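Worksheet: the structure to be examined is printed underneath.
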């Protein structure tokens, strides 16, 4: 789902300043202009630099080029078992679209906990 959307600087600052082998240097440099090492933590950057407002497979093409904005995204293409899937989705938009649709149907079939059995988190990354 990260083919559309934006992230705040604080979520990717570590990545763009790491000078790691898993990030395209030009991409990191461009992101640094809008997201300095300190301050401006709430500045936004698109998750997909190429087509930020279009639902397509460019997100996967970006990962292959080491242009994933978030560490968690780039981890999908880092020499592990998911590399094959990323490559397939980057080359075949129909496969990506079909698999995404099937996954959304599965998620829609989940029965979330409600009432006394569930909670709504005020901050997604921590339990209330």
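Each Cβ is built from the backbone N, Cα and C atoms, and glycine gets one as well.
Look at TrEMBL and you will find 1-128 tagged as domain 'Plant heme peroxidase family profile'. Residues annotated as heme b binding site in TrEMBL: 2. Annotation comment: TrEMBL describes 3, 48, 51, 56 as Ca(2+) binding site. Here TrEMBL flags 9-35 as disulfide bond.
Overlay of TrEMBL feature records on the structure.
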residue: 2; record: heme b binding site; Cβ contacts under 8 Å, 6 or more apart: 47, 48, 59, 70, 73
residue: 3; record: Ca(2+) binding site; Cβ contacts under 8 Å, 6 or more apart: 47, 48, 51, 54, 55, 56, 57, 58, 59
residue: 9; record: disulfide bond; Cβ contacts under 8 Å, 6 or more apart: 34, 35, 40, 41, 42, 43, 44, 45
- Message: I need the most crowded of these recorded positions: 35, 48, 56. Count other C-beta atoms within 10 angstroms of each C-beta and give me the top one.
- Response: 48
- Task: Mind tallying the domain 'Plant heme peroxidase family profile' (1-128) by DSSP state, helix then strand then coil?
- Result: 56 helix, 6 strand, 66 coil
- Note on the structure: When pLDDT is averaged across the domain 'Plant heme peroxidase family profile' (1-128), the result is 91
- Near the Ca(2+) site, what residues other than 3, 48, 51, 56 in the same chain have a C-beta no further than 8 Å from the centroid of the listed C-beta atoms? 4, 50, 52, 54, 55, 57, 58, 59
